[in-house]
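Remarks on the structure that follows.
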Amino acid sequence: MNEVFRVPLSEDLSGFTAILWQHKIPHRVLEQDGEQRVLVPYNVDAEQIAQLFQMWKEGADLSGLQVQRSSQQEGLRGILRAKLSLFLIAVSVIITLMVSLGDNLQLMGWFTIVEIQIKGNQVYYANLLATLTDGQVWRFFSPAFMHFNLAHIAFNLLWVWVVGRRIELLLGWPALLGLFLFSALASNIAQYWVSGPMFGGMSGFVFALLGFAWLWDRVMPARMIGLPQALMGFMMIWLVLGFSGVLASFGLGSIANTAHLAGLVAGLCFVPIVSLLQRR
């Protein structure tokens, strides 16, 4: 979301916000450091809202209020600007189809964190050190692109689009790429350490996105990603349910809980890195 203006806490904005809601203009008012901060989504003209606020303070009639919003064509441009988010989604779909939702073990062997070989009814795993010495660095990231059921991939890619796209449009694709690489590396190694190589999915990255967005909005309020605060609470409950085994008992399959936790921690840790780089 974009910041429109700031006013002291003593200033009553209820009349102005009522007009905005009356005309179905989405906005948020945050209290911070003794001030009220008014923010609007990216598709609302923040400069025009600031001008309307001045007119309202001067007693102007705003009954015929019209606020410029992004056109459908501009909205399409916004979608196409999120190139990395689209790329991550596309690669996930392609690789998930290639491995037939995990049924094609031969092709899965190209994307697991360590090389696997199938001999008869036995599956043999290489070790992580061999992956490094053989130069198969892609394996540290490729498990993120494999999904093993339709609900799994739909859930993960929805969050990649909703949250990843916001981060990409606000902070740029290098920030999103760095977050993906950092969180995929952390979550994949952590999950391998706990359960071995037969896992996959973007869930670690999704938890990294949510953790990053939650903390970023608190330390960088002037450039908010703008996710609802309650969302983090929901994801924490989901994390607890995963570790408790409740989700698996409902038929959701094996949950890579360690990857979720490692991804969340990676997302939180990545905030100061991006914050420092953005200030340069």
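These residue numbers are counts, starting from 1, taken along the chain as shown.
In case you wondered, yes, glycine gets a Cβ from its N, Cα and C as well.
As recorded in TrEMBL, the features of this protein are as follows:
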DOMAIN    3-61  domain 'Rhomboid protease N-terminal'
DOMAIN    135-274  domain 'Peptidase S54 rhomboid'
TRANSMEM  84-102  transmembrane segment
TRANSMEM  144-163  transmembrane segment
TRANSMEM  170-193  transmembrane segment
TRANSMEM  199-219  transmembrane segment
TRANSMEM  231-252  transmembrane segment
TRANSMEM  258-277  transmembrane segment
Helix, strand, coil: count each for the residues of the domain 'Rhomboid protease N-terminal' (3-61), based on DSSP.
21 helix, 18 strand, 20 coil
Establish whether the number of Cβ pairs under 8 Å between the transmembrane segment (84-102) and the transmembrane segment (170-193) reaches at least three, counting only pairs separated by 6 or more residues.
yes
Stretch with greatest number of CB pairs under 8 Å, the transmembrane segment (170-193) reference, 144-163, 199-219, 258-277 candidates:
258-277
Report the DSSP secondary-structure composition of the domain 'Peptidase S54 rhomboid' (135-274) as helix, strand and coil residue counts.
114 helix, 0 strand, 26 coil
For the transmembrane segment (199-219), distant same-chain residues with Cβ under 8 A (at least six beyond the ends):
88, 92, 102, 111-113, 143-148, 152-153, 156-157, 159-160, 163-164, 166-167, 179-180, 182-184, 186-188, 191-192, 225-227, 229, 231-232, 235, 239, 254, 256, 259-268, 270-272, 274-275
